[in-house]
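Read through the structure below, which is laid out as structure tokens, and then see the notes.
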Amino acid sequence: MKKTIQRGLFTGALVLLTAMTSKPAHAAVNYQALVDADVKKFQGYFLKEFPGVKLEDFGDGVYALDEDSRKQWKEMEEFPPYELDVEAGKALFNKPFANGKSLGSCFSNGGAVRGMYPYFDEKRKEVITLEMAINECRVANGEKPYAPKKGDIARVSAYIASISRGQKIDVKVKSKAAYDAYMKGKEMFYAKRGQLNMSCSGCHMEYSGRHLRAEIISPALGHTTHFPVFRSKWGEIGTLHRRYAGCNENIGAKPFPAQSKEYRDLEFFQTVMSNGLKFNGPASRK
């Protein structure tokens, strides 16, 4: 799976971005078809860059690209560092609130609902993420919301992810409002920011598979499949939005709050780009 990556960095990404940013000319437009075309181009970019990697394997991140790293990761997953977090998340999910209900009262299918999130709520005109839904359930039942980046929110999310493994990603974008949120997420993915003037795409498309010091830069395709993650760097489990904030800080950009509209729209776009892959969280990462 190792290979030397040679490419025209800027040109390839610019052509892809241009192809993916066409906007509907009128209201009677098939927004889902526009998005599906984006997905095809986006996934095609990575399949071309890494011809030895199957589409479904991109959910494993950098471990789909490098054989030695994958072997080490597989060994670590035999005794996953997030195992206790999943057990704690299960207990929290089933723990009664003061009113006698629980988080389990808010979610169907016994809580195996990871494949339903994120989605665009047409009544509220906003993206709803799993962590947002968890905290809204607590507040609706008279409980305080969890802190949004780590701790109990990540544990409950990890439990839900664990019992939802194998659910296929199939995020729909059917309305203009949903498409607008999708476009906001796409703009954030490609926009340069911070002291280093870097973008999400700059690292995770143009430089994906390359080494940054001792680490391999992960491909953007499949980014959202495996969260929450237990990162060795953190020494604990954390949410996708915690990772977003860390990326912003790394390039000298002020991070947005976890569960902000900006990060929810970005998660929406990134998850759409992984349509067809399967949710496989929680996971361990360096």
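Placed from the backbone N, Cα and C atoms, the Cβ positions cover glycine too.
Among the candidates Cys137, Cys247, the residue that Swiss-Prot names alongside Cys200, His204 for the heme site is Cys247. Between the CA atoms of Arg243 (substrate binding site) and Cys200 (heme binding site) there is a gap of 12 Å, rounded to the nearest whole number. Listed in chain order, the residues near the heme site other than Cys200, His204, Cys247 are Phe189, Ser199, Ser201, Gly202, Cys203, Ala220, His223, each with its Cβ within 8 Å of the site Cβ centroid.
Nearest by CA distance to Cys137 (disulfide bond), out of the binding-site residues Cys200, His204, Cys247, is Cys247. Annotation note: Arg243 (substrate binding site) sits in a helical segment as assigned by DSSP.
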